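Peer 1: Heads up, here are the entries from TrEMBL:
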DOMAIN    90-273  domain 'Mucolipin extracytosolic'
DOMAIN    367-507  domain 'Polycystin cation channel PKD1/PKD2'
TRANSMEM  281-302  transmembrane segment
TRANSMEM  340-361  transmembrane segment
TRANSMEM  367-390  transmembrane segment
TRANSMEM  411-433  transmembrane segment
TRANSMEM  479-500  transmembrane segment
Amino acid sequence: MDDSGAAYLAFSDLSGGGSGSMWVESLARQERQEQQEVEAFRRRLKYFFMNPCEKYHARGRKPWKLMLQIIKIAVITAQLVSFGLSNQMVVAFKEENLMAFKHLFLKDYASHDPGDYAVYTQAEVYTHLSHVVKQFLCLRNLTVGNHAYEKDGHFYAPLLVCQQFYHNGSISPANETFEIDAQVEKGTECLEIYPLQPVSVPDVNLSNFTLQFKRLLEVNVYFTLKAINLQTVQHHELPDCYDFSITITFDNRAHSGRIRVDLDNDVDINECRDWKVTGNIYYTVLFDTVIILTCLASLVLCTRSVATGVQLQFDYTTFFKNHFGKRVSWSDRMEFINGWYILIVVSDVLTITGSVLKIAIQLKVVTSYDVCSILLGTGTMLVWIGVLRYMGYFKKYNILIITLRAAFPNVMRFCCCAAMIYLGYCFCGWIVLGPYHEKFRSLNTVCECLFSLINGDDMFTTFKTMQQKSYLVWLFGRVYLYTFVSLFIYMVLSLFITLITDTYETIKVDTEPASELHAFVSECKDHPNSGCYRVDDGSSPCLVCCGRR
C-alpha cells in the first residue's frame, strides 16, 4: 500500500474514534440519568413508607396527623364517657319504672323470676284483673314518681281489658273429644275504664266482663302513663318526657292450668312541650362541636394520605413497567393502600355522625339513643384500635400486627371449615335436646351454650341439668356433649392456636424483604437526616447524596 492510502486509513480511524467516543459518552450520560431517576423514585417510595418521626427528620414536616390523633383520642374518649353516663341514666330510668309498674299493678309481686309469676284459678284471674284496674284508678295517690295519665284532647285515655279466644269450640277432655275453630277473635271483647275525676277509691267490679276460659288464649290490659326524667338536669341536659305503653298479659295459650302473668312496656321518648331550666345547659353541645371539627380535620388529612397512596401506586406500576418491563403484583399494589388511614376515616365518619345525632338528642330534636350509642361506641373503638398503627413503628411492638396480618388468610379458611361442624352440632342439639334441656330450647341459646363449652364455661352445669325422662335422649345427650367437647377443645381449638403460633414463629425467623416492593425500596441507603429527601419530587436528584455514594 502506498503512502496516500496509509494516510487515508489513519484519518478514517481518527474520525471514527471520535464519533464512537461521543456515542459512548451519550450512552453513559443516559444511563446515569436513568439511574438517577430510579434512585429518586426509590427515595420517594422510601419517604412514603417512613414513620412520622422519620418524615420530620427527612423534610422537617411536623407530624400533624399524629398530634391530631392524640388529641382526638382524648376528646372522643371524654365525649363517650359523658354520653355513657347520660345513657346510663336513661336506661336506669326505664328499668326502675318497669320495676315500679310491676310492684304497682301486679298483685303480691315480689321480684319473681321471668315466667314464675302465674295464677291457677279463675277467681285469681278476676282478682288480679280487679287489682290492676284499682291501682290504675288510684295511681295518683299511690305512686312516689311523677307519673300521670295520658290525655286524648281534654279527656284521659282509658285502660283497656281485652281477651283473645278461639272463634268457636267444644272441648271435652273426659270423652277425649274436641271441636275447635282455629280462627282467633282479637279485640272483639274489650272493656274500657276511664280514670275517675275527682280521684277516689273505686269499687271495681268485673262481673260483667266474662272470660271464656275453655277457649281463652290471652287477656291483655293496655294503658299508657307519662313521666319526666329530671335527673339529667344535674348533668346540664334537658329532661326527656316519657310515654310508657304498658301491657299486662295473662297467657293461657298452653291451657295447662297455669296462666303466666307478665308486664311489659314500650317506651317512647319525646321532647317536652313547655320547659324552663335555670342555668346553662349547652356546654356539652359546644364540646361536641369541637369534636366534630377535630374529626373533620382528621378526615381531610387521612383522606388526602389515602389519595396520595393511590396515586403513588399508579406511578409505581407505570415506573416498573417502563424501566424494568415487569407487572406489579396485587400484593405489592395493596401495600400503598394504608388500611390504618381507612380505619381512621371510617371512625371519623362514625364519630361525626354520632356527634351530630348526640347534639340533636341534647336539643331534643330526636331521641335515638341506641343509634347514637352504636355510632359513638364503634367510632371510639376504631380510634383506639388505630393507635396500634403508631405502636407498630417500634419493632418490638409490631409483632402483634404482623402476626394478625400474616395469619388472617389461614385463620379465615380454618374458621369456615370449623363453622360447618359447629352448625351441624347446633342444629342437632336444638332438635334432639331442646325438649329436655333449657340451654337447647332455641337455636340462639344452643349457639351460646356450645360456644361457652368450647371455652370451658358451665360444663358441669350443662351435663347436670339434662333431664332423664327419656333414657335414650339422655344417653344421646351424653355422647353428643362428650364428642363436641373432645372435638372442639382438644382438636379444633388446639389447631386454631397452632396456626397463630406457627405464623408467629415464622415471622420471628424471617428477616428477608417480604415482597419485591420492599426489596426495591431497601436498596435506598439514604438516612432521613441525610438531606436528600428535602428535594421536591420530580426535580433533579440530590448531587450531594450522589457524590457521597
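Here the Cβ of each residue, glycine as well, is placed from N, Cα and C on the backbone.
Surface or core, plus neighbours and distances: that's what I need for these features.
Peer 2: Same-chain residues lying 6 or more positions outside the transmembrane segment (281-302) and placing a CB less than 8 Å from one of its CB atoms are 64-65, 68-69, 71-72, 75-76, 78-79, 82, 233, 236-238, 341, 344-345, 348-349, 351-352, 355-356, 358-359, 362-363.
Long-range contacts of the transmembrane segment (340-361) within the same chain, counting only residues at least 6 positions beyond its ends with a Cβ under 8 Å from a Cβ of the stretch, are 69, 76, 79, 83, 285, 288-289, 291-292, 295-296, 298-299, 302-303, 305-306, 309, 367-369, 371-372, 374-376, 378-380, 382-383, 385-386, 388-389.
Proximity of distant same-chain residues to the transmembrane segment (367-390), defined by a Cβ-Cβ separation under 8 Å and at least 6 residues beyond the stretch ends, is recorded for 51-52, 66, 69, 72-73, 76-77, 79-80, 83, 87, 90, 240, 269-271, 340, 343-344, 346-348, 350-351, 353-355, 357-358, 361, 400-401.
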Peer 1: Could you pull the average pLDDT for the domain 'Mucolipin extracytosolic' (90-273)?
Peer 2: 80
